[in-house]
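*Asks:* Let me give you the structure first, and then I'll get to my questions.
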């Protein structure tokens, strides 16, 4: 795939030759994540997060399937079976805490992965399809995480389900029938819990399918890189294996260490205490908040406090919340600067670091805070900037900005960084050359 | 065509939000939100030094047993512990015979069906049973408690922020309403039937002070049963009921971290080795 100098698979063991002739699975793996996939040699640690997101999905699927063996999706017993897992199932506590915190880690690595794409312009031509499929994965993740949070049937599960499905209730005329249809009733109950469990089990496999498309689309142009300049020749790339498998192995170790610290020593740090109270339709929690990874969007939802003529504020908030994600689908065409990497875009860089990043962090903070002043005012300012950044500022920057001179090639940038004149290694060989052994 | 439309949408949202911000700021300045009594008089939980605090802390089995005694003699009259079984008490240091005896002598009996007649009846609990509930259902619980249902305590310390310290603070926090509060918020006098406690979110709770005097419980291990001591012990016991696997979790975590530190070190060495000749 991708580049003419990509290595082709040649089976060594007779059994692999036999298999390759009948089902070229080894060939597929070799070309996808093996030595047959040439990758730019200058990727930094931000390029670890795609692999880590895949690992996080695997952790979720494996732990989730085991939890599903002990959990019962019935409003009378769901909370109790969750506690049964925590107390009586062998290592049940570890599996459930891994699943709950695994969801958080999945979002952490995916947010960093998206951050990487935004800063280095990975959404630009010719990688638009990679970006669009990634956003589809992100939306599926959000749906899966929301439905999963309902399953323990605690107070936040119940009231979160009520608030989120209530968003559809804001749609004029058809809103309330839609909400009733989604829940299978007028309020969250057994029907809702059962369908959420069913879909929560299904969607991760849909995500896995879209990930295959995401990687397939990536392999056509190959990976972007921190300079954003195209790969020019074999000297610019290294084979994925062993170079990036080794680097990703190290990244995975760091990921698992941080994951273990949370899982084993602060497993409820990212959760909400109210979800250890069984769902009670008669008692509304003082502050209904979603999980932390939804906070920026929740803040945008609550930032709209004024009706616009006949459009109620609640509907505006709902539309804006969905728009805040959907606008990312248009990003490749909103930002038409020919330069990909933010490192060579002085104006973009300023707005990115001093505008977008603080604004998203403020939105995240306000989304978790109660709907009081000054949090509402702060989230109004930050939401205003969020929409302005993507829909007004980015197209304008592309028009006004004078980018810094780009390196002629990846290799040139790497050599300049090391202050080296030529690209020979300790054996006096140039990269891409095969040592004569 | 696409881009002007998107820019227009962006301008609409941005202006709408800036307008909302302006209007909100004006009303915030012209009519600042009134201070609430909860905001001014609610207190965060007290600092308590529990043996299980910190990432490597352990439960103190003696303390858990004392806490269990407080639950048995004070709390269990109203509060259920529905996710905990008698057999679980072996984890806090009781032996099998003791657990059997505790279950058999438990004041509340386990509902069952009479094997001879098929009618509803009760029997002595056995170690495999969960702690029986003091009230048959929520209606009975509300009727007996001035309409407030005593919550189940199994998960209480995980169901509140800083739960262990919260339970301790609440139990030792009962006091008369401060005169200053009544002066500032004359309408906030504690209603009859409720009790003032600054550690409770809305300051007034239905539960009357449960731990009232030293010696309410007689400890068998010689510890002096002050109100403060009893409150600490029950808070520790309820931390155990909420997180019985805390010690397994921490020791497994330590082993996992040692393993991962070595594995990650090796992975780093492999990464450096493979890349040593490649400038990047």
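In case you wondered, yes, glycine gets a Cβ from its N, Cα and C as well.
Grabbed the feature section from TrEMBL, which reads as follows:
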- A:45-73: transmembrane segment (TRANSMEM)
- A:93-118: transmembrane segment (TRANSMEM)
- A:99, A:200: heme b b562 binding site (BINDING)
- A:113, A:214: heme b b566 binding site (BINDING)
- A:130-151: transmembrane segment (TRANSMEM)
- A:163-184: transmembrane segment (TRANSMEM)
- A:196-217: transmembrane segment (TRANSMEM)
- A:219: ubiquinone binding site (BINDING)
- A:230-408: domain 'Cytochrome b/b6 C-terminal region profile' (DOMAIN)
- A:250-271: transmembrane segment (TRANSMEM)
- A:315-331: transmembrane segment (TRANSMEM)
- A:351-371: transmembrane segment (TRANSMEM)
- A:383-400: transmembrane segment (TRANSMEM)
*Asks:* Would the transmembrane segment (A:130-151) count as touching the transmembrane segment (A:351-371), if touching means at least three Cβ pairs under 8 Å and pairs must be 6 or more apart in sequence?
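*Replies:* Between the transmembrane segment (A:130-151) and the transmembrane segment (A:351-371), contact is absent.
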*Asks:* Looking at the stretches A:196-217, A:250-271, A:315-331, A:383-400, which one shares the most CB pairs under 8 Å with the transmembrane segment (A:351-371)?
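*Replies:* Looking only at A:196-217, A:250-271, A:315-331, A:383-400, the most contacts with the transmembrane segment (A:351-371) come from A:383-400.
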*Asks:* Quick one: of A:99, A:113, A:200, A:214, A:219, which of the binding-site residues has the smallest count of other CB atoms within 10 A?
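*Replies:* Across A:99, A:113, A:200, A:214, A:219, these binding-site residues, the one with fewest Cβ atoms within 10 Å is A:219.
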*Asks:* Are the transmembrane segment (A:93-118) and the transmembrane segment (A:250-271) close enough that 3 or more Cβ pairs fall under 8 Å, when only pairs 6 or more apart in sequence count?
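*Replies:* Result for the transmembrane segment (A:250-271) with the transmembrane segment (A:93-118) is yes.
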*Asks:* Does the transmembrane segment (A:163-184) reach the transmembrane segment (A:383-400), going by 3 or more CB pairs under 8 Å (6 or more apart in sequence)?
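*Replies:* No, the transmembrane segment (A:163-184) and the transmembrane segment (A:383-400) are not in contact.
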*Asks:* Is it the case that the transmembrane segment (A:93-118) and the transmembrane segment (A:45-73) have 3 or more CB pairs under 8 Å, with pairs at least 6 apart in sequence?
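*Replies:* As far as Cβ distances go (cut-off 8 Å, pairs 6 or more apart), the transmembrane segment (A:93-118) and the transmembrane segment (A:45-73) touch.
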*Asks:* Name the secondary structure element type, per DSSP in three states, that contains residue A:214 (heme b b566 binding site).
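*Replies:* Looking at the DSSP assignment, residue A:214 (heme b b566 binding site) belongs to a helix.
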*Asks:* Could you check what DSSP calls residue A:219 (ubiquinone binding site) once collapsed to helix, strand or coil?
*Replies:* helix
*Asks:* Rounded to the nearest angstrom, how far is the Cα of residue A:214 (heme b b566 binding site) from the Cα of residue A:200 (heme b b562 binding site)?
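*Replies:* Rounded to a whole number, the Cα-Cα distance is 21 Å.
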*Asks:* I'd like to know the mean pLDDT over the domain 'Cytochrome b/b6 C-terminal region profile' (A:230-408).
*Replies:* 94
*Asks:* Please report how many Å separate the Cα atom of the residue listed as 'ubiquinone binding site' from that of residue A:99 (heme b b562 binding site), as a whole number.
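*Replies:* Roughly 31 Å, rounded to the nearest whole number.
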*Asks:* Rounded to the nearest Å, what's the C-alpha distance separating residue A:214 (heme b b566 binding site) and residue A:99 (heme b b562 binding site)? Just drop the number here, would you?
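*Replies:* Computed Cα spacing between residue A:214 (heme b b566 binding site) and residue A:99 (heme b b562 binding site) is 24 Å.
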*Asks:* Would you kindly give the Cα-Cα distance separating residue A:113 (heme b b566 binding site) and residue A:99 (heme b b562 binding site), rounded to the nearest Å?
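*Replies:* The separation of the Cα atoms works out to 20 Å.
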*Asks:* Where does residue A:99 (heme b b562 binding site) sit in DSSP terms: helix, strand, or coil?
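*Replies:* It is helical.
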